[in-house]
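Engineer: So TrEMBL has the following annotated:
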type	residues	note
DOMAIN	111-291	domain 'ABC transmembrane type-1'
DOMAIN	396-579	domain 'ABC transmembrane type-1'
TRANSMEM	47-67	transmembrane segment
TRANSMEM	110-134	transmembrane segment
TRANSMEM	146-171	transmembrane segment
TRANSMEM	177-196	transmembrane segment
TRANSMEM	236-258	transmembrane segment
TRANSMEM	278-297	transmembrane segment
TRANSMEM	332-353	transmembrane segment
TRANSMEM	399-421	transmembrane segment
TRANSMEM	433-455	transmembrane segment
Amino acid sequence: MNKTIKPNQEKVETKSKLKLFGESFVNYFNPKFIDINNQKVTKKFPWLKIFGGLLIFALVITMIVAIKPDFQNWKEFWRQIGHFFEINKKAEIGSAEFTPYETFLRSLEYLWITISYSILGTILGILISVPLALLSSKNFIKDKIIYLPFRIIMSIIRAVPPVVFAFIFFFLFSKSLAATFSIAIFVASLMTKWLYEDLDTYDTSAYQGAQAIGNSKALAFKSSILPYLMKRIVSYGFYSFEMVVRFAAILSIVGIGTIGQLLSDQYAVENNFSHMSIVLWVLIALMILIEGLNFTIKKYILDYSQKHPKIDEKLPYEQQLEQLKKQKSKMYIFKIFIVLLIVALVLASLTQIEWSIGNSVKISQFKQGMKKLFNPDWSLFGGNWSTSKTSVIPLGVEAFLVAIASSIIGLFFALILGILASKNINKFFAYPFKLIIIILRAIPAFTFALLFLILSKDSKLFAGVLALGIHSIGMLGKLIMESVEKIPNKVFQSLDSLGATWFQKVKFIVIKSILPQALSNFLYRVEINFKSTVVIGAVGASDFGFQISTYSSDVNNWDKLSSYLIFTIVVLLALEQISNIVRSKLMTGYFFTQDVWFKKLMKRKMIMKSLAICLTNNQKFLNETRYAKYVIAKHKFNKLFVYNYWLDHSIVPNKEMLEALEISKQTYLKTYREALLKIKSDINNIYKETYKLTMSNQSNVKNWFKKNKVAKKSANIAVDHYFESYVMVVA
């Protein structure tokens, strides 16, 4: 008899221990809660950090495996780099020879053509972007039916690599007009996004106040919004101009003569590298000039504030007036000079334009190509991915990995250079680092790609990663430098008074201040680098970009081009949304705003569960999110009956107690489920009845969308009243 009882006891004990272990395991992942002086605090298990870390780790491993870092030809690479520093060597192009001075003159000639296209394209793009930005801003256009389509259309246009537009316009217009219009589309797509994002955060109270006192919309806009908008346009305009100069350089692959023709074709051979360096230094000089002009305009026009005049009040009135006249700002002379300079550059640029459309043959080819462009070759999405050299998805994934890897490299080194180039953190030695950033920004990505193809013997992807990565250092470095220089000097002075070291200032002030914006710029850089694979693909550093360049040049292949563009648009639209979500988390602490529909739905379900738990336990109820989280976390803990018994008694329950605990748990959960089902039923009935009643009461309103919006709002208010009715009832 005793022998029979003992195995049964062991069996029960084993079952209890297993149950205890299972509930202990569940509790480890459950949210933790505490009540401190009636302040309910809940902390979730860090699932996001764990899965985020695992995802990043898997992505890094995937990138390394796919890209295959390759330094096999490093000796040959450095040997050829040495040619850049050769002096007084003639360049041979076909049967012609050019001295360094002749190359310098040719560089200036092609540079002026490049600048001309860039000036006209930038100005035209800005003119297009302003009305589009206003129509896309939800701060001014309240109706989603209007601003959402504009945003979607501009996002699609922005996702298309700019070189594709150059190829399309090449069949419609002269080469110079094709270059100008493609640059204008590029600038307009970027400026529209930047401006409407700024306008969305702009305080419109002054604009609305001007209208309230009787001013027209146009006058209110001119007095309150236009001054702010002009500052942003000038600031973004210079940044865009700098970008399009580099973009215009690659237009040589379309057949449009720009300075890129010297870099990617005529001097892109080992024996002519010394002349390529001349062209690059001309580009660097231009970037330094643009940087200086940008700084001057910002300081003396955009951010300029006239000093308060100093007047000796003891002097007679006429002498005081004379003093005031002498101290009057002469800044208007500088402004006039800048305006005249821009007008002169525009007029001079217009002389470079050939005002003509394509001939009948080119227009006929364009029409043929457009039919194919809207009839994608879907077969490129299928096939054997491992053997096909033109399949969209594997090549696109490779390009995406290149974009991410190059952006990571760019961000890492840009943080170092950007901080060292900031005057308020590295006062005496900032300028050499500023020069390095300008040099890296001035050299086009395809030039880096040509060089790194020498270094990498077996991996074109690695050459692409290095090319876009080094180029990204310059672009991100500039943005990081500007972010650091915006930190007030008072912050650093206060740390100096406390005896903080240089590294402590960087760690506790600089990094924390700039990191959200730096990560936001990083995400935007991934988008740019993905599109830039087309640029480096033109010189063979990206198969995905090479296919787009090849298919763009032949209208008979525009159906294949369409397939690649579909993939590009889908990836970049998805990436843009992910970027917006992550950017929101960095800036506000939340991935999504609190009024987004699914967060409202989740909140309602949470409140419903909280109410059901409070009714089940006959405890106090509050219609608050924080309180609901606390109640639900406590509920998850309380339903672990075996674990709670062990905590209270420090022993494993016996057979009778285990059965009693199981019955108690089932009874508790049944009561909870019944309460929850009743609440759901009540809410559904209240919502439906209120919605129908509100819709019927709006019979005079013809717009169904407005009626639906009001009815939904009324139904939600009725549901909130339902929850509030339980606040006093449940005690």
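Quick reminder: no glycine exception, Cβ is built from N, Cα and C everywhere.
Nobody curates TrEMBL annotations by hand; they come from automatic prediction.
What's the neighbourhood like for these features in this structure?
Structural biologist: Only residues 6 or more beyond the boundaries of the transmembrane segment (47-67), in the same chain, are considered here, and those with a CB under 8 A from a CB of the stretch are 398, 401-402, 404-405, 459, 461-462, 465.
Cβ atoms under 8 Å from those of the transmembrane segment (110-134) belong to residues 140-141, 150, 154, 176, 179-188, 190-192, 195-196, 199, 229, 233, 237, 240-241, 244-245, 248-249, 251, 256-262, 282-283, 286, 345-346, 348-350, 352-353 of the same chain, restricted to positions at least 6 beyond its ends.
Here the transmembrane segment (146-171) has Cβ contacts under 8 Å with residues 132, 135-138, 177-179, 181-183, 185-186, 188-190, 192-193, 196, 247, 250-251, 253-256, 358, 362-363, 365-366, 369, 531, 534-535, 538, 545, 548-549, 552-553, 555, 561, 565, 568-569, 572-573, 576 of the same chain, all six or more residues outside its ends.
For the transmembrane segment (332-353), same-chain residues at least 6 beyond its ends with a Cβ under 8 Å from one of its own Cβ atoms are 112-113, 115-117, 119-120, 123, 174, 176-177, 180, 297, 300-301.
Here the transmembrane segment (399-421) has long-range neighbours at 59, 62-63, 66-67, 429-430, 433-434, 436-437, 461, 464-481, 483-484, 506, 510, 514, 518-519, 521-522, 525-527, 529-530, 532-533, 542, 544-545, 571, meaning same-chain residues at least 6 beyond its ends whose C-beta is under 8 angstroms from one of its own.
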Engineer: Would you kindly list the residues that approach the transmembrane segment (278-297) from elsewhere in its chain, counting only those six or more residues past its ends and only Cβ-Cβ distances under 8 Å?
Structural biologist: 100, 103-104, 107-108, 111, 115, 234, 238, 241-242, 245, 249, 259, 262-263, 267, 338, 435, 438-439, 441-444, 447
